[in-house]
Amino acid sequence: MERLCGPELPFWVANQTFHTDQPDLPECFQLSVLSWLPCICLWAICPIYLFYLKKNNRGYIMMSIMNRFKTVFGLLLWIVCWTDLFYTFHELRQGHTQPPIYFITPLVLGMTMLLATFLIQFERLRGVQSSGVLFIFWFLCVLCAIVPFRSKILQASSQSEVNDKLRFTTFYFYFALVVCELILCCFNEKPPLFSDVVTDPNPCPEATAGFLSTMTFWWFTSMAIKGYKVPLESKDLWSLNQRDTSKVTVPKLLNNWEEELAKAKSEQNLSSQAVYSKPPPSTTNHTGAGGGSSPEEIEVLLSSKKASPRQPSFLRALIKAFGPYFLIGSAFKLLQDIITFVNPQLLRMLISFTKQKDAPDWWGYSLAFLMFFTAFLQTLILHRHFQYCFVTGMNVRTAVIGAIYRKSLVITNAAKRSSTVGEVVNLMSVDAQRFMDLTTFLNMLWSAPIQIMLALYFLWQNLGPSVLAGVAVMVMLIPLNAVIAMKTRAYQVEQMQYKDARIKLMNEILNGIKVLKLYAWENSFKDKVLEIRQKELNLLRKTAYLGALSTMAWTSAPFLVALTTFAVYVSIDENNILDAEKAFVSLSLFNILRFPLNMLPQVISSIVQASVSLKRIQAFLSHDELDPNSVDRKNTAADFAVTVVNGKFSWAKEDPPVLHNINVMVPQGSLLAVVGHVGCGKSSLISALLGEVEKLEGEVSIRGSVAYVPQQAWIQNATLRDNILFGKDYNEPKYRCVLEACALTPDLEVLPGGDMTEIGEKGINLSGGQRQRVSLARALYSDTDVYLLDDPLSAVDAHVAKHIFDNLIGPEGVLKGKTRVLVTHGISFLPQVDNIVVMVEGQVSEMGSYQELLKQNGAFAEFLRNYSLEDILEEEEAADEIIEDEELFPDDALSNHTDMVDNEPVVNEAKRNFIRQISIISTEGDNPRCRSVRRHTTSQRKHADHQEKKKPNELQKLIHAEKAETGRVKTKVFLEYAKAVGILLSVFICFLYGCQNAAAIGANIWLSDWTNDALTNHTQDNIHKRVGVYAALGIAQGLLVMLSSFTLAMGNIGAARKLHFNLLDNKFHTPQSFYDTTPLGRIINRFSKDIFVIDEALPSTVLMFLGTFFVSVSTMIVIISSTPIFATVIGPLAIIYIFVQRFYVATSRQLKRLESVSRSPIYSHFSETVTGTSVIRAYGRNSAFVLMSDMKVDENQRSYYPGIVSNRWLGVRIEFIGNCIVLFAALFAVIGKKNLSPGLVGLSVSYALQVTMSLNWMVRMTSDLENNIVAVERVKEYSETKTEAPWEIEDKKPPADWPMKGNVEFHDYSVRYREGLDLVLKNLTLSVKGGEKIGIVGRTGAGKSSMTLCLFRLLESAGGEITIDDVKISEIGLHDLRSKLTIIPQEPVLFAGTLKMNLDPFEKYSDEELWTALEHSHLHKFVSNQPAKLELECSEGGENLSVGQRQLLCLARALLRKTRILILDEATAAIDLETDDLIQSTIRTQFEDCTVFTIAHRLNTIMDYTRVLVLDKGQIAEFDTPANLCHGKESSTAWLKTQA
């Protein structure tokens, strides 16, 4: 430096800088280091930055006034700097020789200013709106110019006049210009021309945000404010950034994956070629050029044969696609790791500063500000890193979902069979999610070891080898944590099984709740649920024990480490003195160590999980794809529209062929029928024409476009109209014509929204016939050249099939002139088709017209004989009859009797409206509830017409939409939860938390006191006492932690038990009307999701919340007690904190809700697509569906992205408050240095350094707590619904043998379904003697079912009463009443469990009695043939028994109870006549002396009854013996006879 500055200007003068109260830097230092620093930075980063700008061009920005100013200032700066340079030359001419530094510095500065000016313009041309690089450069320039700014003024004021006037002036010019540039740099340029921002209606402000705004996430504030004012909706969300959309990310990944596949393929080919190219061993024995190859060559070829073919690596594709972006985040992480270790060093200097009483004050102040500055920088860098990681994770998820979706549309059937739909959906949901979670912490893999090594290095410097003792403790804790984690996971898996079992049982109970009430079986089932719940809670308790242990390990770890280290340090050597510096710097280093040590095992386990996911995804994406060219679509041969020549097909390459030597020619415009027995390959032939099966040999060609109707109709979850249009444009006349041809017009009148009715998943709210017709309508509307119809007529009724064939498929139908291939079983249609192909065992056995084939007398004639011709005739007649009768409703002609709710007009309407809501619960179309719903729909059509005229909006709603909670949660709910935990226990828990923190503070205060011994040299006197007390306090803290988290867990489990018990109890006591108006899904949701939250999510949230809350409070206490002045700052900081917290909680809560709402459509759309791939491919709609999926994913990411940013936004703001706390703690320590011991300074500042983390988490926990506590509110709401009458009333118990005779009397009895509805039964009065058999008849809605329900008091009377054997039934307990009546319900409901349980859940009867009952109900043979006998497992809903057997089981139940009064709700179409006769005969013999009420649909059942009751509109029309009624000509029964 001497050479540069010359001997007059020294580079460094210690007395001038450090040891004065007025420090100043020497001129040489100012001219060299301070001037060059910004320049070096800019030149260093410039090449990288220019390369980046070259790559990323966003379009140019118009020259604005601001830009012109920036440029002019840049040029002025260059002129100012070079003025200095020329002045130096001028002085040289004058003979004043200046040192070289005066030439170099202005030259360097001038060049740099030119570079900066060039960058300003280059950025403008590249569309950069706000430049980070230049901002940092100008900021450094200003920072470095402040020192000369001050020292020049100091010099000028100390001398009378300024020596170097010109340089003095140019410097201030320079300073002013640099400050202007810095200020201008804070503002944004306009967006580039033609950018998305201009066109997008709701662009994300991030794209246009300035550098400062981006670093602090200021651009998010607008959404935070909006979310605070009103709950956010999806329309408030910003559009996704271009780089995050599926349009960009998915192709990026797919292109890399294709490259991988291509590479793997080419390597495979190379290796196989290498093997083939091995020359034959030469027979001649001369080794010339011609003779075989050299031995080495053969060696090489052999080795290549052994190398297994390389698997294409999905990981490599991912890295290529998203690695570069992720690496930027990693660079930030590295920077942050290094800065982390600056603060402990500054803390050491601060403590040593407080020891030196004569040190100048400015040292302390600068240290305090430095601490603040590094902490703030660390915050900004850390959150930038997180932002990069999370965005990468989000992009990976989008790309993986997109790749899987696209693949699932093209995989072969063989590949499809290897994984179920559920597994593939899991790939999308679970595995993609794992990648997303991993990317956020992936950097810890290298960052944790770096942090650990750095921390150990500094600790070693501080305390020497005794650190190893502390590290040993840490390492020992890792396996403990690992063991706990494994155990916990095992428990969780087991607990999930119990939870599933409980939900399954609840689902069944709620599905069959009516039956449980009728049989009075509630208690038995309640005990079953509680038994499972008890096991579940036991596991939760075990998990809680483990949780308490691990919490203790996690909180006491730093303490134990410190204890062992300090104890070892003090005791190995007498000279080792523990002073404040060593103690507190070590503590803060140990705290830094804690995080990476805990994270490493987690990261490793999530990497293991992700690698499993990676393998699964890779396997799926490597499946074989269908060959798009297996069917030749470009065929132009004249006559034949469909040709197959020598076709041989199999479902998978390795399977045996399903079709062989197939030769089929279909002339243009003809109708070909394909017939044959079941499994002879008819559907496979259609698949072959579509190219869905592997073509082993032969040619297939189809001319023109194709429409396909599969055997199982595939219906999307969309409106009916969308299902038919299937992406084509809407054309009214054409559409009407299609509906007419497919016989859908009448159905539309019945659907609540006409053709805009939303169809549930898998077409759940349409009957099978309707689904098939919609599928046909879709084919017809698509208006293609070739129609492939795979048995579309089997699902519809005979007369509908005839209608469709005549109007649509047949020679006179809409499709005449098109080429049609129809697979069918309906023989009646065959005479009208052009050609028939007869398939036998995968071959075409014969082909020709109907007449030709009959003449040949081959397989076809045989086939016809099997279906004898009378059948055909009968079928035709039946169809005609039905058509006359049923013009209005061509669906399945079910009987017109329906369930109890249907005589109430409002219910019909609403019920149809809400079949959809109910259907959401049962995705399988087969659960009993849905079946009954479907029956309602069809049977209501008869009397729905006259109500249809009412406007739907006038009607009362049957099922009210569920309220979603918005806004803040009321304090009441927290109190409810505290009550459930127990008020005393809650207070005790808080007290324990207080104690544990008191112990921790105590230990640290003791430590600070101990370190003060070093000042007074009493160190060796009482080491044992010091260590002992420190250890005691620390261990006490550990035990208290364990105790408190344990009591908390016990309290939480108690609360969970109480809340679930109340909910369950209430639901069993709830009247039936509640279940008719509430969709099951809603109730199940309370039992599954909300109880799960109360069991698992809430306790951990409460634990974290209490922990962070008390830590934050104790920090404040410590700082205030050491520097009381700090209290003044707490107020303002707390206000800012609460502000930020309120904004964040409101916004993030709503964003979470939006995100979870928009997530499920992705998966449901996907599983729908997977089931319908063949249809989608046949219509050529692949790309449209891919777009739909992408839109759904983007929609989900639109609410996920602000969610990530809201966390960053919060982090920066809260950590800023934490950094302020550090600043003030340090500042006040410096101010009050005179009366503070170094120990106290160390204590308060090291506490402040830790507080940021807990402040941050406290806000998040408040947010989670509010989200989760809602579950308590929802469970509570359903635990307090109105209950029915008590089950047993002690003082009103009827005698044990009541009813003796079985007399039933109705006195002026009226009933309505619910408050505010019309009466269903009006003033009935009748009396029935014991032993009479009464038939109840009447049209739908006359109140037949209601009468039976009144006997059981499922409906409570609105007036009048019913007495049985002189006991008023309204006065006794419900169970006392219901257990004395027996009903055989219309819908046989069975529960999952053994047969024995289904007959006798309370185990009242012996096995002999059970067998007798089975014998009488004709099930004896069936049951005794089962290996399990009475222990036969019934599946859910009794699916493994036929409907008839289920009905007979209900009869067996009735026989077992054998009460004096039997009610028989006769089954409708669900049952075959045979079973019906069995039931009737059993009832006649077994219930001879009982009173029997039968709701009848067939007259033959009631012809021999004592009396028949004819109901009409809730009143008695007639009540007489059957004989009398039949003679009366005009009576209602005559009407009934015509109906039957």
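Any Cβ shown, glycine's included, is placed from N, Cα and C.
Caution: TrEMBL annotation is automatic and unverified by curators.
Straight from TrEMBL, the features:
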- 72-89: transmembrane segment (TRANSMEM)
- 101-120: transmembrane segment (TRANSMEM)
- 132-151: transmembrane segment (TRANSMEM)
- 171-187: transmembrane segment (TRANSMEM)
- 265-295: region 'Disordered' (REGION)
- 327-609: domain 'ABC transmembrane type-1' (DOMAIN)
- 362-382: transmembrane segment (TRANSMEM)
- 441-460: transmembrane segment (TRANSMEM)
- 466-486: transmembrane segment (TRANSMEM)
- 543-572: transmembrane segment (TRANSMEM)
- 642-866: domain 'ABC transporter' (DOMAIN)
- 926-954: region 'Disordered' (REGION)
- 931-944: compositional bias 'Basic residues' (COMPBIAS)
- 945-954: compositional bias 'Basic and acidic residues' (COMPBIAS)
- 987-1267: domain 'ABC transmembrane type-1' (DOMAIN)
- 1027-1049: transmembrane segment (TRANSMEM)
- 1097-1119: transmembrane segment (TRANSMEM)
- 1125-1145: transmembrane segment (TRANSMEM)
- 1216-1233: transmembrane segment (TRANSMEM)
- 1304-1538: domain 'ABC transporter' (DOMAIN)
Tertiary contacts of the transmembrane segment (466-486), defined by C-beta under 8 angstroms and 6+ residue spacing from its ends, are 456, 459-460, 546, 549-550, 553-554, 557, 560-562, 564-565, 567-569, 572, 576, 590, 593, 597-598, 601, 605
Quickly jot the same-chain residues contacting the transmembrane segment (1027-1049) by Cβ under 8 Å, restricted to those at least six beyond its ends, or write none. 541, 544-545, 547-549, 551-552, 555-556, 559-560, 563, 566-567, 570-571, 985, 988-989, 992-993, 995-996, 999-1000, 1002-1003, 1006-1007, 1010, 1099, 1102-1103, 1106
Top Cβ-contact partner of the transmembrane segment (1216-1233) among 171-187, 362-382, 441-460, 543-572, 1097-1119 (pairs under 8 Å): 362-382
Do at least three C-beta pairs under 8 angstroms join the transmembrane segment (132-151) to the transmembrane segment (171-187), pairs 6 or more apart in sequence? yes
Counting CB pairs under 8 Å, which listed stretch among 327-609, 642-866, 987-1267 touches the domain 'ABC transporter' (1304-1538) the most? 327-609
